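The following features are taken from TrEMBL:
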type	residues	note
DOMAIN	665-799	domain 'U3 small nucleolar RNA-associated protein 13 C-terminal'
REPEAT	63-104	repeat 'WD'
REPEAT	106-139	repeat 'WD'
REPEAT	148-191	repeat 'WD'
REPEAT	192-233	repeat 'WD'
REPEAT	382-423	repeat 'WD'
REPEAT	427-469	repeat 'WD'
REPEAT	486-518	repeat 'WD'
REPEAT	528-569	repeat 'WD'
REPEAT	570-611	repeat 'WD'
REPEAT	612-644	repeat 'WD'
Amino acid sequence: PSLSCRRACFHFSFSYAVSRRIEPFYKGGRVQVNQDGKLMFCPCGIKLNVIDIETGALLHSLEQDDQEDITSFALSPDDEILVTGSRALLLKQWDWRENKCLRTWKAVHVAPIATMAFDSTSTLLATGGCDSTIKIWDMIKQYCTHNLKGSSGVVHLVEFHPDISRLQLFSSSMDYKIRIWDLNSSKCVAVLSGHFSAVTSLAFAADKDTLISSGRDKICMVWNLKTGESKRTIPVYESVEAAVLLPENRDFSQLGVKNQGLHFLTAGSKGVLKIWEAATAACVFTQAVPFEPVESKEEASERSLTHCMFVPGRNQFVTVSMEHNIVLYDAQTLQLRKQFAGYNDEVLDVKFLGPGDSHIVVATNSPQLKVFELATSHCQILYGHTETVLALDVFRKGLMFVSCAKDKSLRVWRMSKDGKVTCVAQGLGHAHVVGTVSCSRLKESFVVTSSQDCTVKIWNIPESLTSKAKAALISSPENLHAQVTERGHDKDINSVTVSPNDKLIATGSQDRLAKLWSRSDCSLLGVFSGHKRGIWCVQFSPVDQILATSSADGTLKLWGLQDFSCLKTFEGHDASVLKIIFVSRGTQVLSTGSDGLLKLWTIKTNECVKTLDGHEDKIWGLHSNKQDDMVVTGSSDSCITLWKDVTEIEQQEAQAKQEEQIMKEQELSNLLHEKRYLKALGLAISLDRPHTVLMVVKAILKEIDGRKHLEENIVRLRKDQKEAILAFLVTWNTNSRNCHEAQAVIETLLKHESPDCLLQYSGIKTALESLLPYTERHFQRLSRLLEASMFIDFMWQNMKLADVSQQEDMTL
């Protein structure tokens, strides 16, 4: 069938709307979970985000008015009081369920607040500042009860003793000591010395006389609070960021807990959770992780854990990593239950994944890949690459995909039925960074990669990887070897793509050329020359023998594969066009630019039918789903946006609106015919048509006693209708033909509305400013008209007198 016939079979897309955004919701700091374990509180710059753990949806976002970053926050144990502290040295109390700030007061600290904590009764709040002081606040009576001085450097840890009758506060600062404050006397009653680096957490045992502290000096210490002495020092061999006591009366046998007594969990720089027995200082369990534990001397690794806590409401441990990933583990087994990516950094590529496009795979500015389940926001972190992943592509069935990275390698990944993704193959062979990759379209048979070494490589996929039964038996990734290697361009190759029939390959390079290659032997078939700057993306049309290219010169071009000539050029982007895809079965093109804009082009008309502004930075990732009704974009602004094709919905809405308008216009015509002017006036105002309202006013004035009828109808209108008619008559008054109707309405309003009442009208000031000059002009015009008419009358009278005197003379 011809191209025109295929286009006639369906509708073009004219509009996309944002259906969902995956944005950064956590940028570091302490996170908290409410008592029932359903909501998570995450600081993100000037905002504090409230996340639904089940769906990953953002429920509330508490934003600082002063636009200063939140330095610390605390949620009371009863979930009623939420307090935030910012760099503006202000404390704010929030009704977080209503997204409302209840009160703001000065923190009294002279430097930002580093930490805060509530007591077990939710009545006292302790704040530790960078000014070496600690303040205690009575949240009921709303005043500062204590100002505790004596700490050295930043106070980064404060905790109330769980037995509130003791009225004790524990704190730690940069001198590595733990201080115990008696709130009755406001004095430091004990100092626990033993750590040689920052103390990171305090955990109180059930007997309330035993304390476990963890530190960055790679040890945990067990303290006897009655004597103030250390009972045991436990070497952990990593910087510990959190020590969490295992709750009593629960079965932790799967975690190596065989004896009664104190056991605790540690999280630290190696990124692995460990269970320790306090009595013997022995590690009884080490968590299995999908990556090699950090063994280097460098303490700060992206896999290092920065925070850990136990959530009784979910019976789960929650950990936070240096990469801002928040992970929930089952308390009894330490098996991963859910994972959130709090911050994605720069998104370099994104693709739909899964048989029903139920997932998306994202390449961020990181060696790890992230696979998001769209229904639950659960995120899998895929380890394998050692340097930043640059590009992705997915095979037709959606179960296998390929990634390439700066580590000069490519990796093939497979998704199982339960949604778990594993690496099944890897390939090495490029001499430089592998920047682009494309999969075969018909079968999962081969992969094409291009690199900064200016070569194109074709890698065959073994049948053992594509067979589900055989793939399940693979324990470690298979090694792939390039079957064909060809030097393709003189500069970096930015894009490579495979034709729908798997017979052709196209490449686009920084050398401003696109080239067409045979897939079988990688022989050059033709060159597409015409762009003025480097080419960023190449794509084959799914239905025609056409290649689309996008370039840094801001244009898109369509090329014929028969004669390599340029068929069409699309101009409209003001910056580099980074990605293009065909949509609407090959009749339209979507393009993304470095200006953050997404443009929809209709090929037949060369017209940009829609420009979508959904990002604030370069859009590197663009992909459509199999149904061709949804698009995903990923940008340097760390946001991933899902766009839904709403053309049909908008057309239905427009049609319904048009039908409603026709019905209303018919009803208006009937009302005027029946002389039911009040309803006609109200209907015309609801249609928001100033000219129609004017026609109704003119119809009323044409009646006998028209002024009286108009007055009666205007008075009976509602206030909002009077405001609307006031806005309309401002426009009428600018034209001398309609000024009489405008002045008649103004007269009625001034006669029946008091000045105070008129001043309450919205837009009254602007209306008066517009009415006065034109009204004055109309008055002057009428005055001149009156003068002219008086002169005509005077002339007429004189002519009559002259005629009479002439007749008298003739008579004489």
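Even glycines carry a Cβ here, placed using N, Cα and C.
Just so you know, TrEMBL annotations are computer predictions that nobody has curated.
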- Query: Per DSSP, what is the residue count of the repeat 'WD' (612-644) in each of helix, strand and coil?
  - Reply: 0 helix, 19 strand, 14 coil
- Query: Under 8 Å, at least 3 Cβ pairs, sequence separation 6 or more: does that hold for the repeat 'WD' (528-569) versus the repeat 'WD' (612-644)?
  - Reply: no
- Determine which residues of the chain contact the repeat 'WD' (63-104) at the Cβ level, with the cut-off under 8 Å and only residues 6 or more beyond its ends counted. 29-30, 32, 34-35, 41, 43, 45-48, 50, 110-118, 120-122, 125, 127, 137, 139, 142
- Secondary structure content of the repeat 'WD' (382-423), with strand meaning DSSP E or B: 0 helix, 23 strand, 19 coil
- Task: Express the predicted model's confidence over the repeat 'WD' (486-518) as a mean pLDDT, rounded to an integer.
- Result: 94
- Other parts of the chain folded back onto the repeat 'WD' (612-644), taken as Cβ under 8 Å at six or more residues beyond its ends: 16-24, 343-352, 357, 360, 362-363, 372, 374, 394, 398, 578-581, 583-585, 590, 592-594, 596-600
